[in-house]
Each structure stands twice: as structure tokens, then as C-alpha cells.
């Protein structure tokens, strides 16, 4: 029995077809073979986009895994936080004990336009524990895991305590925001048809932990700096590997916060696998691979079925939506969209997030210059950066295609409307040659 990779089979089919093809077709197939023999089949090759340094830097900075590296730069993460819960943290005993002011800010949490920054302020920068309690309760997570609410609360506190409140962007408010988007997507009809309860629970857990202990620096920075984490993970998906691994270490360290302690072994294995897969899917080097697989394996077959006479048989649709491979693709796409949904939020929220991520990138550039490290994203220099330009590039390059595909699947007209408004807002600032988040007061 010969074991062949799918790509080998494809190449063999093309070779066979070439033998009986007219010359122009045979030559075209030669070019096809050339392309197929590259390893990165899903990552677009960046053309010489020298005219747009924003796209270059953003894409380069987010999509290289520290390939630009200086040897001998030892850098130990200075933001080592204790991986345990500070004793001064007291939070509610249960959902019923949530202070009324906080409960009030969470009333609209099932709406897309929910204001996470109100909750951040009301909870004194502890939004993840409170929003987590509310959302996990709405999805019946404790019942599914057979764990007491006190265990869940303790777990949420431990996870939140291991986010760095000193980061301007990658803090527990970002995690709470991603959890909020994840819960919102899980309620969409198509998503519900595709996923099982265990997938939903995995998605909510993955969203909660997906950036835990983020140092506020990119993978490229950590690799260039020769940080402990980069060495531990061999410069490969450094942060995402760390978030996933630490999440399980923190969870299983103590019984009182171990939300998995009462579930059956096989169920735990399945859940663990799904959480790890989703957290690793947030790594941007694989962005185009995930989006393209989703479009080709799910959206295109669904569209073809719908064309076949409008009343496409439910069985075929169901088999596309629920095959194990496709459920994995849906979960990856869901957390990816939740993770970078800022440009699809109402304008005021979108502007706040843009300011926060820019500040984090500025701080990284400052530090790279101080330490004599390669500057990964030179456009993010706080003295010269155009925030509107960087947002336009990010939307053009990463957001538009992904959310078009996600919208085609999950039906999200409100998000697409916000995206359009926000894009026009940044374009308007850029046309006025403004570099700031907002126009100057009249």
C-alpha cells in the first residue's frame, strides 16, 4: 500500500493529464505544477509593495515568525508575572452577587454593539471574570462540565490574573472582547447547525484563554530578542503555544479552579484538543491558509448546493456543515474573526481599539531601538506613524476577505455595515493627511 500525500496525488493527476493535452494546455499545467511544488500553498506571495510601507510592515510584522533575527541578543521577558491569584482579589460568590452597577453594564451583552469599555471601567479592569460568569452561565457551561459555579469563578479569576493589565491592548479586556464576539457568533443559526455542545464549550474556553500572559510584544520581537519563550518553542508559534500550554497548567494546577476535574477522560481529550487547535489558529502566519480552507471546503460547496435549484437537499448541506474536518475549520474561523473583529465594531469602539494596538506597537518599536534589536514594524514609530493608514492596510489585507467569507457563512450584515463605516472613517482622515485617531476639534 503506498501512502501518498494529497498534493502528490494532485501532481500525478496533472502529469497524467499533460500526456494527452494540446501544447498550450500542457504548458499551462507546467506552470501549475511549478506553483504546487512550493510549500506555502496558502500564503499569498507579497508582491513588491514598496509603495505601501504600512502594508509591508504590518504584514511582515504579523506574518513572519521572527525570521529577522540578530544572533546573541539575550532578552528575558521582564514582565514575569506570578502565575497565581493575588490574595487581594475578591469577586462575587455567584452570578446573583454581581454588584448592580456591573450587572447593569452587562445587560446588553448579547448585542454586537455591547460596550466592553464600560464594563472595563465598572469592574476596575476585571471584565473577564464578570463577563465570563454571565456568558458561561448563558451557555450552560457549568452543567456541561459538571463543575460548581465556584470552580468556574475561581478559574476565571486565575486566568484573568495572568493577563497583563499593563499592556495597552493585549490585556483581559481584549480577552473579554474576544469572548463576547465568540458568544455572539455561536448564536448564529449556521454556526449552531455546524457545532456540537462540546465545540461551543471549547470555543468559549479558547476565547477566554487565547492571549493569557501575553507580554505585549509580537512573536518576531521575542524571536529576535532570543527570549526564553522563543527558545522554548523553537521560534514557532511562540506566543500561541505559550497561551495554550499555560492555560492548561493554570487550570489543572489546583482542584478549586480546575473546571475539567469532573469530566470523563475522553471528553477531556476532545475538549483539550479543540481548545489547543483554536488558540493556535489565532497565529497570523497561518491566516490565509485558514481563510482559504474555510472558503474552499465550506462556502463554495454550500453555494454550489444552493444553486442546485434553491431547495438543496438538507442532507447534503448537513454533511458539509457537520463533517469533523469542517467543524474544525468553522471553529478556527470563528475564533480568528472574534480575535480581530475590532474593525467591525461600532466606530467609537473601533477607534479605541485602534489607539490601544498602536500604542502597544509603538512601545515595541521604542524598545527595539533601545535594545538595538531589528525594528520589526518601522511604520509604528510614534513620531511618524499614520494610524489611519495602518488601519486601512490592516482592513484591506486581513479583514475584508475574511469577514466577507464569515458573513457569507454566518450572515452578519450589521458587522459588515460597521466595517464599511469604519473604513470610510479612516479613509476620510487619511485623505486629510491626518495621522491621528480623530480629526482635530473644529
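Each position is counted from 1, following the chain as shown.
Glycine residues also receive a Cβ, built from the backbone N, Cα and C atoms like all the rest.
Feature annotations, courtesy of TrEMBL:
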- 170: active site, proton donor (ACT_SITE)
- 170, 171, 172, 173, 174, 211, 339, 391: AMP binding site (BINDING)
- 174, 210, 211, 339: Zn(2+) 1 binding site (BINDING)
- 211: Zn(2+) 2 binding site (BINDING)
- 94-433: domain 'PDEase' (DOMAIN)
Record-listed AMP binders 170, 171, 172, 173, 174, 211, 339, 391 have a maximum CA to CA distance, in Å, of 22
Here the mean pLDDT of the domain 'PDEase' (94-433) is 96
For Zn(2+) 1, residues beyond 174, 210, 211, 339 with C-beta within 8 angstroms of the site's Cβ centre include exactly 170, 175, 178, 207, 214, 243, 282
Residue 171 (AMP binding site), Cβ-centred 10 Å count of other Cβ atoms over all protein chains shown, is 23
The rounded CA-CA distance in Å from residue 339 (AMP binding site) to residue 210 (Zn(2+) 1 binding site) is 9
Counting every protein chain shown, other Cβ atoms within 10 Å of the Cβ of residue 339 (AMP binding site) number 23
Between the C-alpha atoms of residue 391 (AMP binding site) and residue 210 (Zn(2+) 1 binding site), the distance in angstrom, to the nearest integer, is 23
Ordered by sequence, the long-range same-chain Cβ contacts of residue 170 (active site, proton donor) under 8 Å (at least 6 apart) are 163, 164, 211, 214, 216, 360
Spacing of the two Cα atoms, residue 171 (AMP binding site) and residue 210 (Zn(2+) 1 binding site), in whole angstrom, works out to 11
Integer Å value for the Cα distance linking residue 173 (AMP binding site) with residue 210 (Zn(2+) 1 binding site) is 12
Densest Cβ environment (other Cβ within 10 Å) across the binding-site residues 173, 174 belongs to 173
